[in-house]
Amino acid sequence: MQLQQAVFLAVFVACVTAQFPTRTKKIPEVDQTCMECLCQASSNCDQSLKCHNAGGDAYFCGPYVISWAYWHDGGRTGDKGRPHGLTLPHISD
C-alpha cells in the first residue's frame, strides 16, 4: 500500500509542477531581418508616421505601428520605446 501512495504522490507532484512555467526559459531575440519585415508589413516603413490616437487610450506609434499597450505589456523596454540592442533605423521618435 505504501508503494501505491508513493507512486501517486510522485505523479501528483510531477503534474502540479508541470502546470507552472519555468522562469529559466529565455525569450528568443528578434533579429534585424524580422524587424525589417514587420516594418514593411505594418506601414511600408513610413518613417514620417508619428503617434496617433485611434480612440480612447489606443495609441499607435511609428512605422511599426506599435500600440502603447503592446509596448507597455512587453515591459516598456528601451530608450523612448526602442528595444535595447537592436538597430531600428525606421522607428520615429
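Numbers here mean position along the shown chain, with the first residue as 1.
From the backbone N, Cα and C atoms, a Cβ is placed for every residue, glycine too.
Each of Cys45, Cys61 is a candidate, yet TrEMBL gives the disulfide link of Cys51 to Cys61. Between Cys39 and the candidates Cys34, Cys45, TrEMBL records the disulphide pairing with Cys45. Across the fold, the C-alpha of Cys45 (disulfide bond) and the C-alpha of Cys51 (disulfide bond) stand 14 Å from each other. Note: the Cα of Cys61 (disulfide bond) and the Cα of Cys39 (disulfide bond) are spaced 12 Å from each other.
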